[in-house]
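These notes concern the structure reproduced below.
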Amino acid sequence: MMDRSNAAFVLTACFIFSQLICHVAAITRTYYIAAVEKEWDYAPSGYNKIKGVKLEDDSDATVFATKGAHRIGRIYDKVLYREYEDASFTKEKPHPKYLGFLGPILKGEIGDTIVVHFKNNGSRVYSMHPHGVFYSKDSEGALYEDNTKGKFKKDDKVPPGGTHTYSWHLTQSHAPADQEDKCITWIYHSHVVPSKDINTGLLGIMLICRKGALNQGQQSGVDKEFVALFTVLDENESWLLSKNIERCSDPTRVNPDDEDFKESNKMHAINGYFYGNLPGLDMCYGDSVKWHLAGIGNEVDIHTAYFHGQSFTIDGHRKDVASLLPATFVTASMKALNPGKWMLNCLVNDHYNAGMYTLFNVTKCPGKVGVAPSVSGGKKRTYFIAANEVEWNYGPTGVNGMDGQSLIAPGSDSAVFFAQNAQRIGGTYLKAIYEQYTDARFSTKVPKPEHLGFLGPVIRAEVNDIIEVVFKNNARFNFSIQPHGVFFNKSNEGALYEDGTSRAQKADDNVQPGQTFTYRWTVPEEVGPTKSDAACITWVYHSSVDPVKDTYSGLFGPLLTCKKGTLNNDNTRKDTDKEFVLLFTVTDESESWYHEKNKEMKANAILINDDDEDYKESNKMHGINGFLYANLPGLEMCLGDTISWHVIGLGNEVDMHTAYFYGNTFTHQGSVKDTVSLLPGVFGTLTMTPDNAGDWALVCRTNDHYSAGMQAKYKVNTCNRNPELKTSGKTRDYYIAAFEMEWDYAPTGLDALDGKKLDQSEEAKVFTVTSDKRIGRKYVKAVYREFTNDQFNQQKLRTPAEEHLGILGPMLHAEVGDTIKVVFKNNANRNYSVHPHGLYYSKAHEGSDYNDGTSGADKLDNAIQPGKTYTYIWKVPERAGPGKDGPACATWAYYSDVNPIKDTNSGLIGPLIICKKGKLKEGTEERSDVDREFVLMFTVLDENESWYLDENIKKYCKNPGDKETLKADDDFMESNKMHGINGFVFGNLKGLKMYQDEKVDWLLLGIGNEVDMHTVHFHGQSFLRKQVSYHREDVYDLFPGVFATVEMVPDSTGDWLLHCHVNDHMVAGMETLYSVLDKSLKTTPKPITAASSFVTSSIFIYLSFPVLAMLLKA
């Protein structure tokens, strides 16, 4: 009988043999690709094909598409990747029309090698840099100081007329995870100066597939594959701008810095086409379709791609909208079951107006059989809904519910929006809203829950149901109802665009005042919740005659589709005690159909300048369900209730929201959270069982939105239930002080990625060089630091493993069941606190300063005075951990919450890590399940919002002049926005070192403002994100108030770039290096443990059959 050691040895040998077989079966896929200069037309038809008008007759399109004395128009010179037949680069391969300006699609299976022979036919240096594959330093194609030279630098910038051969290996360490699609989406692009290279046009898509997924280069089991890249191509940032200016009829008088000229060159495109001009998105009714979707670009590049008339799945979840940020790549699986011409558009309002839409065509093809989705055995649910005009008050109490001040108190944040005078409308506006009636007479309204505010009634249905909406338009403008998440034909879509239908089929799209139309929608299995979804998934309906003006006018509501058996006979939920809907949006009343009427009613219209920035700002109402500054009523529940929160985002580029629920956590798609990020057209279902009684804040964690009133409160009553939460684990003591120090954002004095001194770098000196009216790289800040005892007489020195933390406070570790005790001393010169995310705390230990109905001792934690000490006690229940479907440890944060905007920008934030039981070494806070963990905070620390701005001006500016004038200067304010990682810029973050094949956890933190959308990209490696199942990525999307854990086993040695992929953030220094050392350099070999036994097939691909034979013989 074989003993255990021999059995293990044979199993290992068999595994190696299987890897070798895979490697033998692998192939080399060779591509010949050149960078070539071509003329590119963004709208070759000359028409807005969605509206059916010439571009010059469309007021929105003329901004971008009309050529003039000082306008380039719609045709630009670009440099594009194109594929050729062979190394002679003489015969270009056919390029699918729908790919537009994108390069060819590169495909390969795990085990393959992709070899790209690249020729640069452009007029300056370019390269090819891939995402999602294994490469060595001579095939990275990215220019930065990575401590290589010679042959390892030739890939970084290929000169004009030059060639380079890139070899990219598709190892198991970059394979699609088990529950992912067979082929996952990545990109490749030039990375010499990536922001300019990409805007010039050098970008393409790459698909990495499981073994056996491709059949003669095509994905098996898929009828059609399409690629769609959403981006605002900024031609101002193209290398060919000067050449393109020559296209103007009076080029010598063009001012490239003119704001209107720059705006005209921002092309809101899908695959390089706008206003419906993207061709070739044709499929057959019944086709199985894969959509490979990507985003790239800058801070404006928040895209939500909406497919009318169809649904799809991403990561097993039912959707009809895909969220795309710079360097976000997703694969969507669609069954084309709804014939017709359908719109594909970005739901961000400005992007829609700027032409980011096209048509895709689902046709009944000869010989192709499609089965129409049908419903049977369900109910017919009828709703009578009217569009009514009402006066809406965004602050009906007249009071800021968070601090008790009047909404019109002079100098308050709220007065900007609520003060009424001859040139300001104030807080009450005429709007159109959806309201429900009892029957078709539209005489008796159905009462609605007060928390819904200006939202329309909740439409609910189960799978197999029919929804009938009898809609009456009582308003003065044409309106409609367009739904998400249900099945409808062209006569029931409710969206007005040129889709080839007859006039009779368009009655649903444009319901006139006083008219009635009946919509009929169904909920077949094909559009219902998947097994991975919540019992009811969240959608919206809204008017779509003009989707921008209609929604800003107030016409939207929630729609829920539920699994069979979820609803009671009265349409309420069986599985929940309460259900709440929350819409986070900045309602731009200047874009409402009623804007002119509101000026007449509430102000003196003659005196108002519509283009005045302060006036426009006063009309941007940062609300939750149409209420600001904690005026939202009705969010009340009992301890232990099952609560379903349905959260919705709508709006514009600024509508990047992170909803934060103080005091309790929820589950969302298998993850335990207390924040959820929302973009326009993003909807989510959250499940909460509140265990913490009290009045709790519910806010948007984006700083400007918070200060502009996107705040509410929800109340958890005890309802005679026991609120006591018991923990049985350890008590972990931490001694933390806040104190002021001088912080240096770039202590080396170098732009480490460029190899230049800071004052010699055009980009770096904007932020880091001191002058008469510039602070430079050093600022006084407040930071959290750990001490050894409650006397605070000895600061705890940071170890080499903690060097990377930078400005962050200490890592606080605990396991589920533990209690955390933080003895906090405020050694700074103003009030601060410590507030944790995710944990269980009483009101006396929340560390947050707002009106929560408490007094006395329960208020002492809110703001600790200088020189004082306070002890916070936080418990760690199961719902504070990563959950059964999450990673080993969940990432949270703690920060001062007296004034969360100024406190965090002053520097007071740190990481909080909560692990499953048994993941911390006995007697320590060290992890037992990983070799290393690193915390990375990506944020633009806005020193203009620091408490210490005046002190920093006085201390560091050499000749500041009038302080208030300086503080209002745009260039000065920009110089104080430090685009950092852990408080370091331009490659100055140190300490990110690891060895090959170690298990590494990266703990990611996001905080900040509207610009703080960060796409964290690791060169050289990929990582796994766990959300029920694993997902392979090399870019992670971070928003303010979002915290995440990702897992990596690095296999490619070298010094690698780690950066935010948002263009302006890269340019402003949000990048650094991390080092992967050869495993042979480890001084002390570690025993094989669960943490170090990760194996990737790339380790074995160099083994030979003789080696295997020796192993087996032994």
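Placement of Cβ uses the backbone N, Cα and C atoms for every residue, glycine included.
Straight from Swiss-Prot, the features:
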type: BINDING; residues: H129, H1017; note: Cu cation 1 binding site
type: BINDING; residues: H131, H189, H1061; note: Cu cation 2 binding site
type: BINDING; residues: H303, C346, H351; note: Cu cation 4 binding site
type: BINDING; residues: H657, C700, H705, M710; note: Cu cation 5 binding site
type: BINDING; residues: H1014, C1060, H1065, M1070; note: Cu cation 6 binding site
type: DOMAIN; residues: 27-210; note: domain 'Plastocyanin-like 1'
type: DOMAIN; residues: 218-365; note: domain 'Plastocyanin-like 2'
type: DOMAIN; residues: 380-562; note: domain 'Plastocyanin-like 3'
type: DOMAIN; residues: 572-719; note: domain 'Plastocyanin-like 4'
type: DOMAIN; residues: 730-915; note: domain 'Plastocyanin-like 5'
type: DOMAIN; residues: 924-1114; note: domain 'Plastocyanin-like 6'
type: CARBOHYD; residues: N121; note: N-linked glycosylation site
type: CARBOHYD; residues: N236; note: N-linked glycosylation site
type: CARBOHYD; residues: N361; note: N-linked glycosylation site
type: CARBOHYD; residues: N478; note: N-linked glycosylation site
type: CARBOHYD; residues: N489; note: N-linked glycosylation site
type: CARBOHYD; residues: N831; note: N-linked glycosylation site
type: CARBOHYD; residues: N944; note: N-linked glycosylation site
type: SIGNAL; residues: 1-26; note: signal peptide
type: TRANSMEM; residues: 1092-1112; note: transmembrane segment
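Neighbouring residues of the recorded Cu cation 6 site, listed in sequence order and excluding H1014, C1060, H1065, M1070, comprise F938, V940, H979, I981, T1015, V1016, H1059, H1061, V1062, M1066, A1068, E1071 (Cβ within 8 Å of the Cβ centroid).
Rounded to a whole number, the C-alpha distance linking H1014 (Cu cation 6 binding site) with H189 (Cu cation 2 binding site) is 19 angstrom.
A straight line from the CA of H131 (Cu cation 2 binding site) to the CA of M1070 (Cu cation 6 binding site) spans 19 Å. The two recorded residues, N944 (N-linked glycosylation site) and H705 (Cu cation 5 binding site), show a Cα separation of 17 Å. As a quick check, the domain 'Plastocyanin-like 2' (218-365) and the domain 'Plastocyanin-like 5' (730-915) miss the bar of 3 or more Cβ pairs under 8 A, pairs 6 or more apart, so the two do not touch. For C700 (Cu cation 5 binding site), the nearest neighbour among the listed binding-site residues (H303, C346, C1060, M1070), judged by C-alpha distance, is H303.
Residue counts for the domain 'Plastocyanin-like 4' (572-719) by DSSP state, with H, G and I taken as helix and E and B as strand, are 25 helix, 63 strand, 60 coil. The stretches the domain 'Plastocyanin-like 4' (572-719) and the domain 'Plastocyanin-like 6' (924-1114) are in mutual contact, each linked to the other by at least three Cβ pairs under 8 Å (pairs 6 or more apart in sequence). Apart from the site residues H303, C346, H351, the chain places the Cβ of F230, H268, D301, I302, T304, A305, L324, N345, L347, V348, Y352, M356 no farther than 8 Å from the centroid of the site's Cβ atoms, the recorded Cu cation 4 location. Counting residue by residue with DSSP, the domain 'Plastocyanin-like 2' (218-365) contains 22 helix, 66 strand, 60 coil.
Recorded residues H303 (Cu cation 4 binding site) and N478 (N-linked glycosylation site) have their alpha carbons 28 Å apart, per Cα-Cα distance.
Among the binding-site residues H189, H1017, H1065, the residue whose Cβ has the fewest other Cβ atoms within 10 Å is H1017. Listed in sequence order, I296, P326, A327, T1015, V1016, H1017, V1035 are the same-chain residues six or more apart from H1061 (Cu cation 2 binding site) with CB atoms under 8 A from its CB.
Proximity of N489 (N-linked glycosylation site) to non-local residues of its own chain (separation of 6 or more, Cβ distance below 8 Å) is seen for N338, G340, given in sequence order.
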